[in-house]
Amino acid sequence: MSTWANLGLQDSASPLMEQLIFFHDHALLILVMITVLVGYLMFMLFFNNYVNRFLLHGQLIEMIWTILPAIILLFIALPSLRYIYLLDEINEPSVTLKSIGHQWYWSYEYSDFNNIEFDSYMIPTNELATDGFRLLDVDNRVVLPMNSQIRILVTAADVIHSWTVPALGVKVDGTPGRLNQTNFFINRPGLFYGQCSEICGANHSFMPIVIESVPVNYFIKWISSNNS
């Protein structure tokens, strides 16, 4: 999760988020180079006292400043397309999780395991434990196995919601009457926090998501205890 004075992205917990961070750094480097070059040219123009009385046209420089931005855009567009297709790829999931957005909570279903279902509400501030996170902790966490392909199906029961967990690089809109899907792969244990990122009502930011990533044997024990 983000901490105080954290200006960068969260530490990644999935290969997809690692690739998104690489792309962010790649695009940011290009933007810095363009900003420095344009800033330098503008600065030099302010203090330039030379005037060319015989300058009527400049086809060469116009060709350069037309072709060069197109090439730069290709360096941004091609990796971007690659990541778009990577995010949509579904790789034989081990676990399928269904998430249903309600105002103001999420419902989850593990349909692979005897249809385990539960609701996940935000813990009110006056009931929060001393080590809890205000507006982020929930009463029922989503428990998922690490080092496994997870498929998530997202929909909504009333209005548009968005299931978003930044550390996993996942943002899926939940639309009433439609089932959207994506996949992710958690490569380390831990707690990962997210929120609904749509604005469709008062207090709508208070729909937190908490994923507890555990080793596969602990996940099997959790499934067994909930099935009994």
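Going from the start of the chain as shown, residues are counted 1 onward.
Just so you know, glycine gets a Cβ as well, placed from its N, Cα and C.
Bear in mind that TrEMBL entries carry predicted annotations, made automatically and left uncurated.
Now, the feature entries from TrEMBL:
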- 1-91: domain 'Cytochrome oxidase subunit II transmembrane region profile' (DOMAIN)
- 27-51: transmembrane segment (TRANSMEM)
- 63-85: transmembrane segment (TRANSMEM)
- 92-225: domain 'Cytochrome oxidase subunit II copper A binding' (DOMAIN)
Other same-chain positions with a Cβ less than 8 Å from the transmembrane segment (63-85) and lying at least 6 residues past its termini are 19-20, 23, 26-27, 30, 34
In DSSP terms, the domain 'Cytochrome oxidase subunit II copper A binding' (92-225) comprises 16 helix, 64 strand, 54 coil
The predicted model's mean pLDDT over the domain 'Cytochrome oxidase subunit II copper A binding' (92-225) is 91
Secondary structure of the domain 'Cytochrome oxidase subunit II transmembrane region profile' (1-91) by DSSP, residue by residue, totals 62 helix, 0 strand, 29 coil
